[in-house]
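Below you'll find the structure, written out as structure tokens, and then a few comments.
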């Protein structure tokens, strides 16, 4: 039968640029199952390199390595990880416990990567710690344990998956004599129970306790002496086979998240600073888009309230302001009557405006007077609140009647009395109040639409404005789909009537489209500014992950030594980045929503929609994935032997 371990003509060479350093020279060595072997040598003799090759932490430059007759020299990283997981248990001089994990969690690590269920892991880890007299220290972290206790935790970890072969690297080197003797007794007991034990040491006193002593010097085996042979392979094999192979549990998201949270809590302040970048980024996106969308919707609602089936006719700017040799204003009420006769025109509403002074009692108030016609409310989609609006009879009789806006009512009637039927002076002329308009609020330009007094067009022209020219004509069309054609007909009609092109027509549908396009551009700009904050947060995630990989290099080596595959390490660090981003994203969403509601409380228009919130959170998650991948990849590509030797 083939030996359990067999090295045939194995050499190991390290390269530093063009310089080659051969550490092991043509080593040939067989170790039978159940042996207790000590490999002794001084510092620099090559004993640690030999241990790394024996434990599949490193591969030989040349030669062959057989385990139970199978050549493992050409195994890839995943195959070597599986071999370490089911065959080897490691005990290190510096214990190499994960500082953020409890004693039980440290012991469970090999079983995590072997796919053992959580309950089975817990039970076996507790049983091993109990057997090593650490039952009261199960939930203690390494910094709460003595050196001897930490080494016993590492022994329990080595036995977690069965530990058919125990590789102990200077197991007593960091311990006092009493603790060292206890560790050697435990190694002897493990050998008695069928484990193959290989101790790497420079101490002849420690080596003397083994059944076989292999001495190495300058990369050569110079002595190989045996006191006796043991063969307890059946017990060792049986123990190792209890470990269930399968997918590595690190692939289980819940397990990966637990590991990530534990690691992030270890550097809480640094984690909070990193979270802050994500929170600011996501919060900015949510708040800015909510406020931007709210402002857009508010203005669009105001524009829509004017109707998308409206055309507004005004004098051209040159004629409106006056020009050399020209008249000031060219529109007259007859133009509105002519427009009404065109096809697809429902009605045309002429308006003239002027600033007037109102008086009631001892209250004087300056506002805008608007002379208009009965169709005004329909054209402006502005309902009468109380009383009645101007009618045709008022127009024909030049009636001195007025309809007030809410702002005017509050100013002239501060005591809250009913203004209907009462008289107010408009430029010292008495007008009877017949109605009050419903509140409209600010216009798209920010002007108070309720600060107005409405009078019949005929009355205003004759008694208030002293002119017959009108300021605007609002045209409502019957078929909005033909509004462009109607606009062309109106323009042609006015050009013919005035014998020149002295008017301009605004299509409210076009205004809405133009504003929508402009506001979308502004939203994109605001979103871009917020996205830059999110990008900065992503860079913070990458930074913390790169630092984390650097600080936890030895931990990565320990995980690989206990059976973690490259993709297990990759997944673990990506999950850590995603956890940071997800927590930051969630807090950022809450912060953004809170900011939006605070803005709303101060009267700002705010509109929350699920899309931007989900998008912001998804971007945070994607940021964690993108910026966490590079550090995670760097971690997964570390060589176990190199990672374990990191400071």
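From the backbone N, Cα and C atoms, a Cβ is placed for every residue, glycine too.
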Candidate ranges 230-250, 251-271, 272-292 [criterion: Swiss-Prot lists as transmembrane segment]: 272-292
Among ranges 524-544, 545-565, whichever one Swiss-Prot labels transmembrane segment: 524-544
Which same-chain residues, if any, lie at least 6 apart from residue 45 (ATP binding site) yet have Cβ under 8 Å of it: 216, 217, 218, 219
Shell of the ATP site beyond 41, 42, 43, 44, 45, 46, 47, 48, same chain only (C-beta within 8 angstroms of their C-beta centre): 202, 216, 217
Residue, out of the binding-site residues 42, 43, 48, whose Cβ gathers the largest set of other Cβ atoms within 10 Å: 48
Binding-site residues: 41, 44, 46 - member with fewest neighbouring CB atoms within 10 Å: 44
Listed in sequence order, residues with CB under 8 A of residue 47 (ATP binding site) and six or more positions away: 39, 40, 41, 200, 202, 216
Secondary structure of residue 44 (ATP binding site) (DSSP, helix/strand/coil): coil
